[in-house]
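The feature active site, proton donor/acceptor is assigned by TrEMBL to ASP150. Among the features that TrEMBL reports, Mg(2+) binding site is placed at ASN10, GLU386. Sequence annotations record features per position, and here TrEMBL assigns ATP binding site to LYS17, HIS210, LEU211, GLY212, ASN213, GLY214, ASP284, MET285, ARG286, GLY332, VAL333, GLY334, GLU335, ASN336. What TrEMBL lists as substrate binding site is ARG93. Annotated site 'Transition state stabilizer' per TrEMBL: HIS182, ARG243, in sequence order.
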Amino acid sequence: MSSTRVLVLNSGSSSVKYQLIDMRDGSRLAAGLVERIGEQTSRLIHTHVADGDTREQNGPIADHEAALKAVAAELGRDGLGLDSPELAAIGHRVVHGGMFFTEPTLVDENVLTEIERLIPVAPLHNPANLTGIRTARALRPDLPQVAVFDTAFHTTMPESAARYAIDPKIADRYRVRRYGFHGTSHAYVSRETARLLGKDPSEVNVIVLHLGNGASASAVEGGRCVDTSMGLTPLEGLVMGTRSGDLDPAVIFHLERVGGMSTDEIDTFLNKRSGLFGLCGDNDMREIRRRVDEGDERARLAFDIYIHRLKKYIGAYYAVLGRVDAVAFTAGVGENSAPVREAAVAGLEGLGLAVDGELNAVRGDEARLISPADARVAVAVVPTDEEMEIATQTYALVNGSGNLT
Ligand code: ADP
């Protein structure tokens, strides 16, 4: 029996999301989520796709090991257990791969050590990702485990885009540089955009706008990332659900000296209580649009600041790329909010950018063009699929084929 299935694991600090995918046709066999790990109110929701059966378990799940064991048991009940010979590999999402990991990587002890060394630059994410990998390895020591890094797609950025304008000796000592995140999504969406245009990724330049609760833009030249808006951490760049994105770094000194806030307080303030939420008290674009339509001034200002920043990045990446074939909107806001898409390109006709009102209003799960037929630059909605990208990269690695297109 050939091994054609990949289990994708996304281990967060208190949750594990998973999907089991059959790589012959990309179909989902099972998917689920364990949340509130370590609390009394943990919950596992598991769906077996073939019979549409969704099962829920409530009650304490102490740690990631217990969570993965529970997931393995649920998969086993569907005849899809981790001991199945059809399972080819487990693909793990790892948030920070630094400069070291430029590609999906087969996990061994050295790889684990290196991911561990990156904890100071990714204190919230890498520890949970590591726990997930270690636990999965303990459950199936013989199975290939592949780490797929959020940062990897951005490692092709030239030094001129990746470095901050500070002394390189200090930067290198503390690993301070622009790494970028959401790379798995930017890779997938830029490739799918090329496919939508009927071109090879190497032929097209794409600006990808990943607008979820976290948000980032990237400039992709012939399939390679040449710039992205997130930096050392996911705080830089666009206005996000709860993150400020770009600001003058001196705001931090000011808040400390004049506002009397501690470093940790400012960290929390800028990451968790800023962005759309900080501006108007809501971080969900649906709610913000509803308030805008009712004439709410705070929501209007939040929306305008969000769009202004987005437009600046479109302009910046247009200049970075020189020639742009497509602008692709993705993730929760990008895929669903017609008003955001319309406002983001409004007034950019001079750059060849426009959306067709009717096409923009159409809802759907498929990649689609929303620009007028004669537009110089294609504007597209391209649903992202990070799990599929992780599975594809994992499967390509264990099968010895690097060809993803
Ligand atoms: P993340 O993975 O970063 O948590 P998602 O990509 O799932 O986020 O995006 C979540 C966000 O998408 C929500 O906070 C909300 O602002 C936005 N969103 C989801 N559905 C819609 C919709 N129908 N219209 C507008 N915005 C939406």
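Residue numbers in this text run from 1 along the chain shown.
The backbone N, Cα and C atoms fix where each Cβ goes, glycine too.
What TrEMBL annotates, mapped onto the structure for a quick look.
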| residue | record | DSSP class |
| --- | --- | --- |
| ASN10 | Mg(2+) binding site | strand |
| LYS17 | ATP binding site | strand |
| ARG93 | substrate binding site | strand |
| ASP150 | active site, proton donor/acceptor | coil |
| HIS182 | site 'Transition state stabilizer' | coil |
| ARG243 | site 'Transition state stabilizer' | coil |
| ASP284 | ATP binding site | coil |
| VAL333 | ATP binding site | helix |
| GLU386 | Mg(2+) binding site | helix |
Nearest-integer angstrom distance between the alpha carbons (Cα) of GLU335 (ATP binding site) and ASN10 (Mg(2+) binding site): 22
Span of the ATP site, taken as the largest CA to CA distance across LYS17, HIS210, LEU211, GLY212, ASN213, GLY214, ASP284, MET285, ARG286, GLY332, VAL333, GLY334, GLU335, ASN336 (Å, rounded to a whole number): 25
Rounded inter-Cα distance in Å - the residue listed as 'substrate binding site', ASP150 (active site, proton donor/acceptor): 7
Surrounding CB atoms that lie within 10 Å of the CB of LYS17 (ATP binding site), all protein chains: 18
Rounded distance in angstrom between the Cα atoms of ASN213 (ATP binding site) and ASP150 (active site, proton donor/acceptor): 16
Cα-nearest neighbour of ASP150 (active site, proton donor/acceptor) within the listed recorded positions, ASN10, LYS17, HIS182, VAL333, GLU386: HIS182
Coarse DSSP state, helix versus strand versus coil, of ASN213 (ATP binding site): coil
Residue, out of the recorded sites HIS182, ARG243, whose Cβ gathers the largest set of other Cβ atoms within 10 Å: HIS182
Rounded Cα-Cα span from ARG243 (site 'Transition state stabilizer') to LEU211 (ATP binding site), Å: 12
Binding-site residues compared (ASN10, ASN213) - highest count of Cβ atoms within 10 Å: ASN10
Cα proximity to LYS17 (ATP binding site), best match among recorded positions ASN10, HIS182, ARG243, GLU386: ASN10
Densest Cβ neighbourhood among ARG93, ARG286 (binding-site residues), 10 Å radius: ARG93
